[in-house]
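Undergrad: My structure is below; once you've seen it, I'll send some questions.
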Amino acid sequence: MAVTLSKHSYGKSHVCLSYISRKEDRHDFIQLSAEISLEGKFDDAYTSDDNSKVVPTDTMKNTVYAIARMHGVDSIEDFAKNLAVHFCQTYDQVESATVSVSEQLWTRIDCDGQPHGHAFTGGGSEQNTCCVSASADSITMHSGLKGLKVLKTTESGFEGYSKDQLTTLAETKDRIFATTITAEWDCGNVSEDWTAIRILVRSKLLEIFAHRYSPSVQRTLHEMAEAVLDSCPAISEITLNMPNQHHIPADIAKLGLQNHNDIFVPTPEPFGVIEATIRRDG
Ligand SMILES: O=c1[nH]c(=O)c2[nH]c(=O)[nH]c2[nH]1
């Protein structure tokens with residue numbers, strides 16, 4: 001039977017690294033997980049027994065630590081870029097290397113209003129993310145964040161939606177709005193300060209979420225994206241994913257009790273899935 005190998009890539013996932021940057025007055029700390037994916041002239045390993053072009057995924061794992069040694073880890077964007085460029089420049093058979101990094105966040109402990117030199121708190125769900133693809137003549141980079149949980153107890157409603165015989169949802173002007181934000185934006189010019197830009201993006205997302213009345217998750221998502229594009233000229237496109245994590249008014253009427261819009265059942269499943277990409281015109 002004739003077959004064609006139409007597409008292939010391979011790599012290593014969940015390569016975990018903790019990195020201390022020892023400054024004179026403090027230590028910085030980054031904990032990350034990297035995923036490496038290579039595309040290139042690896043056909044022979046699939047279509048024959050010839051592994052001569054295959055860079056072992058075990059070598060990819062070792063490279064993560066070697067690049068940390070050689071270049072340090074100033075930011076996940078820099079680190080991912082150094083790794084992706086390394087694979088392209090080192091191996092002729094590599095046509096493109098994609099490195100995705102997610103960073104577990106550790107926050108410096110404040111003691112008596114002073115930032116501690118080397119002690120941190122962690123354990124939250126929020127992570128910083130980036131994805132860098134490098135080839136011989138180009139580098140593309142995206143930054144992002146995920147797991148950013150937000151909730152507000154009012155200033156959110158949902159009304160005027162399409163109704164038919166299957167509609168049971170009650171209209172409301174006052175509901176809980178809870179979501180976990182995933183955001184990804186393009187980094188057109190890869191040499192900007194992407195750490196500072198992520199801080200600005202995050203603050204704009206939170207500002208709009210907190211301060212604007214939400215007529216729907218969709219509308220709030222769009223307003224959040226507009227605010228980011230408005231305040232960050234370096235970003236031309238942002239994708240936001242915001243699940244609607246429902247807190248449904250508890251039906252306590254059957255207990256002879258009144259719900260004053262203050263007793264809810266958090267329902268992890270099912271949840272609404274709202275995602276959009278918003279691009280600056282021009
Ligand atoms: O903000 C919302 N958008 C929807 O599309 C939707 N659908 C739903 O049942 N509740 C909501 N809320």
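From the backbone N, Cα and C atoms, a Cβ is placed for every residue, glycine too.
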Undergrad: Need a hand: TrEMBL gives THR57, ASP58, PHE158, VAL217, GLN218, ASN244 for urate, which of ARG26, ARG175, ARG198 is also on that list?
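TA: When TrEMBL describes the urate site, the candidate it includes is ARG175.
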Undergrad: What subset of the recorded positions LYS12, ARG175, VAL217 lies within 10 angstroms of THR57 (active site, charge relay system) at the C-alpha level?
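TA: Checking Cα-Cα distances against THR57 (active site, charge relay system), the recorded positions within 10 Å turn out to be LYS12.
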Undergrad: Taking the residues THR57, ASP58, PHE158, ARG175, VAL217, GLN218, ASN244 listed for urate, what is the greatest CA to CA distance in Å, to the nearest whole number?
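TA: Overall maximum Cα spacing for these binding residues reaches 51 Å.
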Undergrad: Taking only C-alpha atoms and a 10 A limit, tell me which of ASP58, PHE158, ARG175, VAL217, GLN218, HIS246 are near LYS12 (active site, charge relay system). These are the recorded positions.
TA: ASP58
Undergrad: Give the sequence-ordered list of residues that share a chain with PHE158 (urate binding site), lie 6 or more positions from it, and have CB atoms under 8 Å from its CB.
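TA: Same-chain residues close to PHE158 (urate binding site) (Cβ under 8 Å, separated by 6 or more) are LEU169, GLU171, THR172, ARG175, PRO215, SER216.
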Undergrad: For HIS246 (active site, charge relay system) and GLN218 (urate binding site), what Cα-Cα distance in Å is obtained after rounding to a whole number?
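TA: Approximately 15 Å lies between the Cα of HIS246 (active site, charge relay system) and that of GLN218 (urate binding site).
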Undergrad: In DSSP terms, helix, strand or coil for ASP58 (urate binding site)?
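TA: In three-state terms, ASP58 (urate binding site) counts as helix.
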